[in-house]
Amino acid sequence: MGSGTEAGPYRGVMTGNGAALDVEGLSRSFGDLRAVDDVSFTVPGGLLTGFVGGNGAGKTTTMRMIMGLLALHGGEVRWNGAPITAGDRRRIGYMPEERGLYPKQKVLDQLVYLGELSGMSRADARSAVMVTLERFDLADRAGERVEKLSLGNQQRVQITAALMTTPDALILDEPFSGLDPRAVDSMTDLLREHAARGIPVLFSSHQLDLVERLCDRLVILSRGRVVASGSVDDLRSRGPVRYRTTLGGDAGWIRDVGGIHVVDLDGTTALVEASDPPALQRLLRAAVERGDVLDFARHVPALSEVYREVTA
Amino acid sequence: MRSTVWVTVARREIVTKLTDRTFLLSTFGLIGLLAVVLGVQAFMANRTETYTVVTSSAPAAQMAAQVELVAEATDDKVSVTVTRAADDAAATRALRADEASVWLHEGGDGWLLTGKADVPDGVETFAATAIREVTLGANAAAAGTSVEELVRGSALSTAVLEGDAEKAGVAQALGFALALLFYLASFTFGYALANSVVEEKASRIVEIIATKITTRELLAGKVLGNLVLAFGQMAIFVAVGLVGLTFTEYDRFIPAISGAVGWFTVFFVVGFGLLACLWAVAGALASRTEDVQSTSTPLTFLTTGVFFGALLATGTAKTVLSFVPPFSAVIMPVRVLEGSAPWWQALVALVILVVAAALVVQVAARLYQRSLLQTQGRLSLRQAWSTPD
């Protein structure tokens, strides 16, 4: 179990309770392509951190570097403030993007094998596997070959492989892809449960709605660089303060109000930024003089808007 | 605890194989075949040929008894029984009815041996010897001398300066058997190893495994597991062979060959380890099972080359190859078996083989490590070597 609670040199950005995983200045090239470029972020213990970015943004490469599957061309991965070791990595539950199990081996046998490779005894691995499979209602399928299971069940076996060791951290590459809505819910519960143990949980996804609903923090990656990171509220309120207003008539005249910048205009509705508070008051007064004001409110962008903006 | 991860890997290799029906069927099939071949050998060796000699006169009956004595004294695999017929017609009838193999009677310039369709070689030889001895004795006595006097100084004995042709024959046969065993083991288990490596690549489970143990530990475990399997299978074959051999006429050679089998064991382990690492690399270079055929082609040639080298090389070429890995793995034990290599040469060849194996392990580990996570298509050796890890 992670036991990084003692006061050390490390202080997380947003400390949950317990261990933390830090990525500092990570870089990696493939030939001329700089796939990951000076990426830094923290995965605090006890929180769910979402890792977001388009295809080819560098999420999988970063996760593989964290797991030691790819050599680092620059930077460092730190576990509880110290450079991560092979032993630390063995205690991390990892689910790769491309799912893989021995298709012809029985579910129980290969999970026990993976548990043993993680350093568990045969007996411990066995009971841990059974407990986790029970959770997924798969205990009675333990004696079957993986290839006989449905894809959804294979996915559950895969996540069992990552969770059964009671890991010190979770690094999951697209854990929700291929899951039906019910399975998404049980996966969500499971991730929350593990985060509640105080361990850092990092998972990648390109389903923004899911990430917004689920995550405590998120890291947005674009073309190999971190373009934004922080809590979801943080990110949504980080941009310039904007107001949305809907008038009784055409809103085109707003463009001419001094100190007001129109971000978006659509008939009677306008999205604006004000250079200073008095400008906003001037706008409101002018609007009331001209006619009805149906709506005037602070506009907090949805995560998807933030995402589009930072990755543009 | 960490030192035992590769044992865990090896155990999985072994258990997977031992529960594989194809593997079990082929192993037991080969053992069965071996048992049948040896059984036929043993049956042939222990079979006693019995010939019946029929006679129709008192002198002939006397002579036939003499033939029986000679047969008894000369060959324990051939026995002669004598029956008496009332007259010549009855003797002929007995021949035609297959009640007798030959009819011994007086005729021509002495004796006549009549068969139904042919006269069996064995009986003819014994009859000729018996008749010559009896007649020679009678003639000598008539001339006032004895057989011993007549043949004095005519004894011919034989001696050989080097070895023993029959033993050399056995050595050659055993050498062939050992070369074949090595070839079969390194080929079947090598190919299985390559497939087991590519299976992990193709199913991507290697990405999970590589976060838990080093690729070197994985490679070591896989090679070890297959070595244990190959060695176990070979030990069973050799044991069945040796036990079977004790039932045949070649059992007297067993003590002489056991020393060479000891050398073979050591060379087998090291040589197999060397080739197994290369097979693992062949597997790692592929991404799908279908690719293994082409990535392992050079190895197929090498393994077959070792086999034919052991079979065909003679003279200086054989001596040289017996020091060159991986040929030495088979050729040196064969030379020890033939008695053409002293123990120190075997030791030198073994040291060279061990050093070569250690180098191959280093190179193979690097190639294996770098190609293991490349899951797009086939890699060339050059690509694998220069791929950043």
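Using the three backbone atoms N, Cα and C, a Cβ is placed for every residue, glycine included.
Those TrEMBL annotations? Automatic predictions, nothing curated.
Pulled from TrEMBL, these are the features on record:
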- B:24-361: domain 'ABC-2 type transporter transmembrane' (DOMAIN)
- B:21-44: transmembrane segment (TRANSMEM)
- B:173-194: transmembrane segment (TRANSMEM)
- B:223-248: transmembrane segment (TRANSMEM)
- B:260-287: transmembrane segment (TRANSMEM)
- B:299-323: transmembrane segment (TRANSMEM)
- B:343-368: transmembrane segment (TRANSMEM)
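Looking at B:173-194, B:260-287, B:299-323, B:343-368, the range that has the most CB pairs within less than 8 A of the transmembrane segment (B:223-248) turns out to be B:173-194. At the 8 Å Cβ cutoff, the transmembrane segment (B:173-194) and the transmembrane segment (B:343-368) share fewer than 3 close pairs (sequence separation 6 or more) and do not count as touching. Remote same-chain residues near the transmembrane segment (B:299-323) are listed as 175-176, 179-180, 182-183, 186-187, 190, 275, 278-279, 282, 329-332, 334-335, 341, 345, 348-349, 352 (criterion: CB distance under 8 Å, separation of at least six residues from the stretch ends).
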